[in-house]
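Peer 1: Below you will find the structure I want to go over with you.
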Amino acid sequence: MSYEHSDATHTFDIRNFSSVLQPAKKGCYICPNCNEPKLTFSNNGKYNCWHCNDTKQIARILTEPEREERHRQREEANRLQSTLTHDERKQEWIEFSGISESIASANLRHTSDSPEIVAQLLGWKYYKGTTGWYVLSCDPLTGKRSNNGQFKPDEPIDFPDSEPAKYISFPKKSQSNKGIEAIYLALTLNDWIKISDRTGIPFTEDDIDNTRDDLGFWAWVRNNPEIPIIITEGIKKAACLLGHGWVAICLAGVTCGQRSGKKLLESLTEFIVPGRPVFLAFDADIVEKTPVRRALIQLCQLIKRTDKTSITRIIQWDLALGKGCDDLIVNHKVEAFETAMDEAISYSQWIKEINTQYQESYTGSSNGGGNNNNNNGNSGGDNNNNGNSGGGNGGDNSDFSSDDHNQKQNNREWRYERICKSLGLPFEHCVTAGTFDGYVYRTCFEAGEKDWKTIDTAFYRYTGLGYWQNQPDKLLHKIITDAGDRAFKLKLSKEEGWVDSHPYETNNHAESAFKYCRKRLEPIEPLPTNGHLRAFRNCTVDMRTGETMPHSPEYYLTSGISYDYYPNRPCPSVFYQFLCDAYGEDLIPVIRAFTSMFLDPTAPYGVFPHLLGQSGSGKGTLGRLWNSLYGDDGSGSGVFSDIATPEGRHQYLTGKTIFGIPDIGGYVTGLRAFYELVDNGELTGRALFNPTGYQKSFNCRFWVGSVDHLQIENAGDGWERRAYPIPTQGKPSKVDPELRQKLEAVKADIISWALAMPRSERDVILLTPPTNHRIVNLKHDAALYGDSVKSFVDLCLRPTEEQTIMPTHLLHSLYTAYCQAHGYVASGMSKFISHFKNVLTKNFVDRRWGAMKNGLRRMQPAHFTNMEILPGTFVDIASDFQSSNGYQTDSKGSHEPEWKCLKSHCVEGGLMEFEDFWNPQPPDDDPGTDGGGGSPIPPPFSPDGGNMDQGGSGSTQNSESTPIHPQTTENQASRDVDQGGSGGSGLLLSHEKSFDEIQKQTENSQSLSSPLIHPDPVAQVTENQCVQGSQSKQPPELSPALKEVSELLMLVETGSDLKAVTQIAAEKGLPDNWKKIVWSHLDKNTQAKIKRLKQQQLPTTEAPASTVLSAPSAIKIEQKSLPPFPSVDDLVWRKPTPRYPEAQICRIVQITSGGAYTDNKWHISHYAWEKGDYLPYSADSNDCEY
């Protein structure tokens, strides 16, 4: 039963091949591909081999016989279509080659329509070509048909590695190493009579032997040495001569007259006897074809070696009369060949004429250049005389100028010019006296005098567009190998005369010429750099001044922009709209600055754009646009590893001005070379297989694109400094399919718009840290992504003004617990401390000797200071866990802590707070600039709704925390939590219950806070002192005057209020540092309000009548009716912040700090909010409006 797909006439269905499949077991068959019993198929025709899973190969194997049959049928149809009839083949012999009908009938045989006959005839396994005719040779000794002969298919046969074959001789060798035998044709008695009449040698009835296929003809010729023979190439030529009365022997080819060992064919030696004239009638192009001439010379030498007394003559005629002897007879009758035969010359005379012709050319050209003191007319004397200054008896050569003479002397091949002309060879490609390396250097690269140079082992060619274009090695090898095909070498042979050869078509010559030309084209003096110039299509521009100038190769620019330059054009609308849709309007100045950087060679180095966004969001479009400014020749793309080695830099960056690394991802290593390239520092380069390298600045710009942040080797410190992240806005709702074409049409305007950007504005963007909140957040996220140390600092540490001591081993223990909780791979202690020092350099205190005490000096170990652990982030689970497992502590009760990080208590912001702590930027005259309050740190937000520092439920503002010793048990900690609510100090929980129970309890507890200041900075720091709970130290008591000023500062509302308080402090005679003293007594709400007022820089005016409230209680300056203070579940307008850049309406979850009423609005400083029902609430330290 045959199965066929409904919508296809030739679809594979394995059910049709079930009969040819070999069953293995029930429902399984032997797979024809892997020979495993794992092939199954269902009733609907679906099949699969569960071992190899290669269904396509299975179908290919099963259908192979069917395809072969179809191929055989097509070949058979083509063969039959190209087959000639018997009459057409006979017409080819009789009409086209002048062969008598009797000779054709005696020798011509047809293969009919059976390719098997041809295969058997040729000794092949099979034959797929067309049919044709063939001829069997007669054995000149026996007169019988032999198995030697020649076959001609109706259509030439194409062989894979040679030209199409018109004739095929068989067998290939008559016996081992005996060559292809000559062919002796059969003839009729009438043809024999015609030959007898022409030669004048009669034959008798005794010479006729009817039992022989040749009637005894070749025996008669062998027995009569006075009968001349003609040796020619080709069956039809020999048959034509036999029919016209000449004895002709056929060679299968021009080189088929000899066997191995350079001996004449055995059958020919029977006819080469003393006294027999031997004529050679090869084709008329014998002089033009060197192989034919050589074959003729070789045959003559073998004949001479066989019989030294034999007379061998060469038959020649004009090629215009016909190529072969049969063509000559058909075109100009038999008389033309008779004339040629009468004019045949001996072999020795023929060789002498050829040698004399070439020798005269050589002698005349070589003697014409010499300077002979004997200046008679026949001596080839000095060219200044008007005698016969040519070679030998040269003619009058008075018009030969000294310039021509010098030109010939400079050309090493000038002596061979006449020989090349006599041989019909192009003299300009003669490489006989010189070398192929020099020939390539002079002909292909113009001897380095015009458009070719080698710069840093790379080939450049001047394009005429203002810059030298790098030429790839592939093109250069093509140029050199083509030159090797054209170049030839002359050689003088005693036997053949002057002949040409082609010895330069080898890979060794090509490689040698490539290296030679690379060295010769290298300039001796360094080329000018002209790094301030940029070549455009219509001019060259000085990027420092904007001056335009015409193109010139003397600038030696190695890159250019294939667009016209027009100054000061606006941004095209299509490009502007693309930037707004893909990146946002706020990032257009940044993108313009980087576009200008790519175009302007004088722009600063050291920074590159890092495009971040989803696939299809526009980062690839912008990157490809940047690359396309320089075209394929001046731009490139790849990965970091491509440019990490000298060979890679030479291959990928030579001739490039911009290099893109698109769609990179994962863990990135080997960036040291990339960083140096971005900074445009000098790096080594080396061409492949070149033993020496070079060092230079590659002057290349880079851009990188990725979907997300990258994990950088060595924590990415170098990356963070150089990368300028540019985020996209996500995939657009509608995609313009013609965007690329539209951008291509306005590239000239984009270039003009980018270059019109003021240099100072551009350089500020490129050289200073970004200020755009989206980019700032991205850089912050990039610093945390993949860097466990920075992430640990950001989520678990905070700065403090107290001179705390944080041991390195404690930090590493906490860091290890943090990595375990957050899924990072923790670094070893040495690597961690080294990187931690790089992150928080100013917090590190190196080891040092302490002061002398009791005659001894103690070493204070290295540690970190001015930092504290975010309360509640770590708990010690070791103490009670070990006791419950039989672990006995020492007499002092000490133990090795085992920290667990609570992810729910980790809060972002540590890195920003450390940056603000060491680099505060308060407004001028801010009270915090003189003391520790200059950079107030917002209290971390507790997940339970309270504030860590200012107490939620059950605690008062600035309440003092009670430290708990690490040995405190969980029961004690639980009692403290129950009594103190969520506003107490950090707790250290011990493990007495399961991890799940501890996790539940940690929601209402805090464990590890900052270590205390050690009373003796020289004494050894103990573990217990380092992990004590944080204490909110009360500042020293204020004097009445300072307390009054402090209360007034809490009431200020405007800049005028602040100015008035400053005047009051001066009237009271407070010390100059009163701001530093008072600042620590102000709540953080007041501190933030004062800093905001200074930033606004309001003019000094009379204080308006206003009311300032500090929630939840209000202190009245002037009685006024106010709207109610906001409460939970109220909707407020939240202002944009760096962390949450989108301004939006949100719902209040909890108010953690007071607010003020100004501008007919309530302003809340610290509050908890949420975007929607599905998002958790977050803490913010900036105002919102109600």
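In case you wondered, yes, glycine gets a Cβ from its N, Cα and C as well.
TrEMBL labels come from automatic prediction, so no person has curated them.
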Peer 1: May I ask you to indicate which of 65-84, 885-904 is given in TrEMBL as region 'Disordered'?
Peer 2: 65-84
Peer 1: What range among 136-155, 196-215, 996-1015 does TrEMBL record as region 'Disordered'?
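Peer 2: Checking TrEMBL against the ranges 136-155, 196-215, 996-1015, the region 'Disordered' one is 996-1015.
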Peer 1: Is it possible to list how many residues within the domain 'DNA primase/nucleoside triphosphatase C-terminal' (788-863) are helical, extended or coil according to DSSP?
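Peer 2: Across the domain 'DNA primase/nucleoside triphosphatase C-terminal' (788-863), the residues distribute as 38 helix, 14 strand, 24 coil.
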Peer 1: Go ahead and report the DSSP secondary structure tallies for the domain 'Bacteriophage/plasmid primase P4 C-terminal' (459-581): helix first, then strand, then coil.
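Peer 2: With helix first, then strand, then coil, the domain 'Bacteriophage/plasmid primase P4 C-terminal' (459-581) has 40 helix, 28 strand, 55 coil.
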Peer 1: Report the DSSP secondary-structure composition of the domain 'DUF3854' (217-335) as helix, strand and coil residue counts.
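Peer 2: Secondary-structure breakdown of the domain 'DUF3854' (217-335): 54 helix, 22 strand, 43 coil.
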